[in-house]
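Positions annotated as domain 'CN hydrolase' by TrEMBL: 15-282. Feature annotation from TrEMBL assigns active site, proton acceptor to Glu55. The active site, proton donor feature in TrEMBL is assigned to Lys155. Annotation comment: TrEMBL describes Cys188 as active site, nucleophile.
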Amino acid sequence: YVAAVYEHESILSPAPAVPVERRAALELMGRNLDIYEQQVLAAARQGADIIVFPEDGIHGFNFTRSSIYPYLDFIPHSHSGKWNPCREPYLYNDTEVVQRLSCMALQNKIFLVANLGTKQPCERWEPRCPPDGRFQFNTNVALGADGALLATYRKHNLYFESAFDTPAQPDHALFDTPFAGRFGMFTCFDILFYEPAVSLITQYNLKQIVYPTAWMNQLPLLSAVEFQQAFSTAFNVNILAANIHHPTLGMTGSGIYTPVKSFIYHNMESYGGKLIVAEIPVITADYKTNLEKTPGKVSEKGEGKEQSPPSFYAEMMYDNFTFVPLWGEKGELQVCANSLCCYLNYQKAVLTDELYALGVFDGLHTVHGTYYVQACALVKCGGLSFSTCGQEVTDATAVIDFQLWGNMSTPYIFPLLLTSGITLDFADHMGWKNNHYFLSKNRTSAGLLTAALYGRWYEKD
């Protein structure tokens, strides 16, 4: 099928914390929706069956709970009624945004996924009802090619979003399409947690995911395109990921991902939006995921008498990693922390004056969210001193053959492989063998930035 995602440089309110009238809020959102309209038309002309827009693309961000209120649409959150906002605009008040989205889908005969703010009144006596008498949700809507509202998803894992509430139960949002079967939907920070992302995919055996996001890139392990691809690979799903485009905030990185090929956009230099359209195969459900323990090649460790280089500590992603440096053109390294040991066999195709290190972290990550990580990471350091390992690096020249493995305690391993200029590469082999997860690559396509096994031990969050 043909998929489209649009990385949108949203027109933002100059003073998001200042309350405005609904009319002014609609005027600002209308300017973003005008751009959406052009992109839906462009995608439809290229034969797209579905288009996905980013999180916060219509209303922006940095609101307070009260200042976002005029930007919120009312959307009935139930899977019963077949409501078509374009054809039945009179059914509910305050539905101007979803009406416009519905009409775009209908006029262009395309499935459309977008993110907006929604409100739901509640009675003060209801449990969890906020003092102002309403719930406010960060919501995705999926609209059919006839404009009908197919599914809504209210974001569960909020990322410092004081304007929004968390729904009482995680939504499992699904919708069916004639071209690729069933899609699931979640938002941004959700991708790092079991609920609802992982439970949705495993429970319904999903193979297609739509993913609006407003992601701030954090190298070396959590760049948007890097993690989006790793998620697609780990769960053997297609992901249509639409990010917002605000380079000054470190926000870029969208793509259409299959487990074997990616169509990505990452641009920190220029401004303006970007439409990606790609034809991708429908994944059939009987294909194995990389989470299942399948035998693979792991070279047994030799009886080498080489001394491992000295280990050192450095901060990476706000976590205290234990590292060993890669000295020389080839070697076998090992580094451990807690119960996790990481191993690396490597050979540099070209000797360069760059410092690389193999790092391990096994613990609770506590900055910008709390979640348990087990990571084995081969990274290029920012400079030649140990203290630069873990820094954000975007360019590298060393082409390396490597095999990386670790005795991970969780089945949920995201294989990261990032090359110079924030480009992606695919591993030659990966999977489980003898209770170790491994990742191997002969000759990266460009200089290696990061090769990592990013494990999420959900039970220990």
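Here the Cβ of each residue, glycine as well, is placed from N, Cα and C on the backbone.
Predicted, not measured: the structure shown is a model, and the values here were computed from it.
Locations of recorded TrEMBL features on the structure.
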{"residue": "Glu55", "record": "active site, proton acceptor", "Cβ neighbours (10 Å)": "26"}
{"residue": "Lys155", "record": "active site, proton donor", "Cβ neighbours (10 Å)": "26"}
{"residue": "Cys188", "record": "active site, nucleophile", "Cβ neighbours (10 Å)": "26"}
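For the pair the residue listed as 'active site, nucleophile' and Glu55 (active site, proton acceptor), the C-alpha distance works out to 7 angstrom.
Geometry remark: Glu55 (active site, proton acceptor) versus the residue listed as 'active site, proton donor', CA distance 10 Å. For the domain 'CN hydrolase' (15-282), the model's average pLDDT works out to 97.
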